[in-house]
Amino acid sequence: MQDRFTFATKLHSTEIARIGVFDSGVGGLTVLQEIYRQLPQESVLYFGDTARVPYGTRSATEILQFTRQTLEWMVAQQVKMAIMACNTSSALALETVRAEYDLPILGVILPGARTAARYGRRIGVIATPATVNSNAYLHAISEANPNAQVWQVACPEFVPIVENNRIAAPETLKIAQDYLQPLLDRSIDTLVYGCTHYPHLEPVFRQFVPPSIQFVNPAVAVVAAAAKELQVLGIQNRLRPLPTEFFVSGDPAQFTHIAAQWLPTVPAVRQISLSNTSVSEPLDIG
Ligand code: DGL
């Protein structure tokens, strides 16, 4: 018979802990959707740093600082794994924080780059300015397939468009065409969403991108990698999954309003402040 001690230990065991998923805003929902599809038995804690979105035009020091603050908080919430559902953090902070935290941490770039390198020879990457400047995709794709040609375009206007719910606005189509035209001119065969916000814009891209061009959403590959990692570590959830918990640093009502269009139910969103979370380096305000 199970005594109270065994039951308490089991309740706090790693298997039933949540997977932490984070992004600067609603972009990580494209990864959450993949978790619902590929890992429906898992419970998730989602954090969107909406008070500080966008990350993609910030310095590497700031991005590392924000990523550390989020991970500190997630560790305190006892997540069993963290998925950095943000390419910008993955490009600029993943390697550093992996060495700092005793937690499996997955980033989106390597899984996305490997998928692209498998399918494409002429690969276009659209991403935030910080991700493009890091050349993280360029290096990862070239390593996976030295014969692949890669072109990158920074699209700073896309994240504000998605966060402010302007996807269907008439000017968005024109902005998207202007960003993607240089890649279409290169006759790309593959287009990588190098920012997790961008799959939300797919209805816009579909209006003018030729159907022969393959879209690569790194969310698919990162969740497949997470599934493998959970299995290897023996920490898959074997009990009933809990409803996803949503937290943001900005306005919960705005997040709820925007996120509801992509989620099966209207999310209950709470606000937290990460500014008091202890971190190892000061912000670079220069
Ligand atoms: N969605 C994130 C990414 O994948 C961050 C975008 C931003 O905040 O600029 O890069």
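Cβ from N, Cα, C; glycine included.
All annotation found in TrEMBL is predicted automatically rather than curated by experts.
What TrEMBL records for this protein:
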{"type": "BINDING", "residues": "ASP23, SER24, TYR55, GLY56, ASN87, THR88, THR196, HIS197", "note": "substrate binding site"}
{"type": "ACT_SITE", "residues": "CYS86", "note": "active site, proton donor/acceptor"}
{"type": "ACT_SITE", "residues": "CYS195", "note": "active site, proton donor/acceptor"}
| Rounded to an integer, what is the Cα-Cα distance in Å between ASP23 (substrate binding site) and CYS195 (active site, proton donor/acceptor)? | 10
| message | Suppose the substrate site is ASP23, SER24, TYR55, GLY56, ASN87, THR88, THR196, HIS197. Which further residues of the same chain have a Cβ inside 8 angstroms of that site's Cβ centroid? | response | GLY25, GLY27, VAL53, PRO54, CYS86, SER89, THR128, THR131, VAL159, CYS195
| field | Set of same-chain residues at least 6 away whose C-beta sits under 8 angstroms from GLY56 (substrate binding site) | value | SER24, THR88, ALA127, THR128, PRO129, ALA130, THR131, ALA154, PRO156, VAL159, CYS195
| task | Sort ASP23 (substrate binding site) into helix, strand or coil using the DSSP assignment. | result | strand
| message | So if I measure Cβ to Cβ from CYS86 (active site, proton donor/acceptor) and keep only same-chain residues at least 6 apart in sequence, which ones fall under 8 Å? | response | PHE22, ASP23, SER24, GLY27, GLY28, TYR55, VAL108, THR196
| Which of the three DSSP states, helix, strand or coil, fits THR88 (substrate binding site)? | helix
